[in-house]
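Now, the feature entries from Swiss-Prot:
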| type | residues | note |
| --- | --- | --- |
| ACT_SITE | Lys194 | active site, proton acceptor |
| BINDING | Ser13, Trp14, Lys108, Ala143, Arg258, Val282, Glu284 | NADPH binding site |
| BINDING | Lys108, Gly139, Ser141, Lys194, Asp247, Ser257, Arg258, Asn259 | sn-glycerol 3-phosphate binding site |
Amino acid sequence: MKKQKIAVLGPGSWGTALAQVLNDNGHEVRIWGNIPEQIDEINEKHTNTRYFKDVILDENIKAYKELSEALDSVNAILFVVPTKVTRLVAKQVAELLDHKVVVMHASKGLEPGTHERLSTILEEEIPSEMRSEIVVVSGPSHAEETIVRDITLITAASKDLETARYVQGIFSNSYFRLYTNSDVIGVETAGALKNIIAVGAGALHGMGYGDNAKAAIITRGLAEITRLGVKLGADPLTYSGLSGVGDLIVTGTSIHSRNWRAGYALGRGEKLEDIERNMGMVIEGISTTKVAYEIAQELGVYMPITTAIYKSIYEGADIKESILDMMSNELRSENEWDKK
């Protein structure tokens, strides 16, 4: 593929890792961020020590403080900013764009208040004549592993498969591989909701429960993620793929996951405000829990794990009691899709 100019909006751990993948593939990569010291560090020292202590970035990766400079003549834009600021950044991008670009995002969350998926936000804020159909880049991936070129397989989802294949082409190489998918709703809801289940899985570990309990919360978590996703229009088969069960496994079982670590601390009795302060990073699963709970209540979708996590975080319920209460819920069939 011809060399592309790509703006990566957000110099966090995942944005930095994806920037390196694109750079490895010979593309011109421009990272944009709003913390001047971090931008200077990337340009002068070729490091981003806030997230990676021992990683040296390629000197061809450039960072920008001015969004207009990062967007100048680019072929594609990759949003990797926190969910809560995606709309704000998209508005800024829309004001500056003077040509049509491919628009991608690699964030995982649902917007508080509106309950909207991130692709919907980007569609609303960036005029259709200035962008492609949105492409969602999502799947089982720890930035800490991708940045050291460990093998990673994820999904590129879009309503337009030609655009998804373009994104597949700019990213894929010997250690990083993308598969295309047309189920944007499924891929986005899977990526957002698995963070809630990861909080629960971490909490179980923090409370001292074993592998049986962790396997249970992951598999039943997948069931309720699928339940809500299908209600919203997703294909249930998507949840058996990389962006579904794959992402849930990697997030719900690893200390690399900030959502798992947050749950672990909650399970050990730490206060949420202390956890967020100590981690110093966005814990998307916390805000997503509230959004998912509200959607489930509105649509009448049964989500007991999400409800238990919600009550613990937002209503002050004891997390151990909330989780144990699920054991007395009405007995059900495992295969709710079986019509027999």
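Note: Cβ is positioned from N, Cα and C throughout, glycine not excepted.
Feature annotations (Swiss-Prot) mapped to structure.
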residue	record	Cβ contacts under 8 Å, 6 or more apart
Ser13	NADPH binding site	Tyr51, Phe52, Ala143, Glu144, Ile147, Met281
Trp14	NADPH binding site	Val80, Ala106, Ser141, Ala143, Thr146
Gly139	sn-glycerol 3-phosphate binding site	Thr152, Leu153, Ile154, Thr155, Gly191, Leu242, Ser243, Gly246, Asp247
Lys194	active site, proton acceptor	Lys108, Gly221, Ile225, Gly244, Asp247, Leu248, Thr251, Gly252
Ser257	sn-glycerol 3-phosphate binding site	His142, Ala198, Gly202, Val250, Thr251
Arg258	NADPH binding site	Met279, Met281, Val282, Ile283
### 8 Å Cβ shell about Ser13, Trp14, Lys108, Ala143, Arg258, Val282, Glu284 centroid, NADPH site members excluded
Gly12, Ser107, Met281
### Task
Please find, for Lys108, Gly139, Ser141, Lys194, Asp247, Ser257, Arg258, Asn259 as listed binding sn-glycerol 3-phosphate, the greatest distance between any two Cα atoms, in Å.
16
## Note on the structure
Taking all protein chains shown into account, the Cβ-based neighbour count within 10 Å for Ala143 (NADPH binding site) is 20
#### Entry: Among Asp247, Glu284, which are binding-site residues, the residue with the most C-beta atoms within 10 angstroms of its C-beta
Asp247
### Message
Using the alpha carbons only, what distance in Å do you get between Asn259 (sn-glycerol 3-phosphate binding site) and Glu284 (NADPH binding site) once rounded?
### Response
7
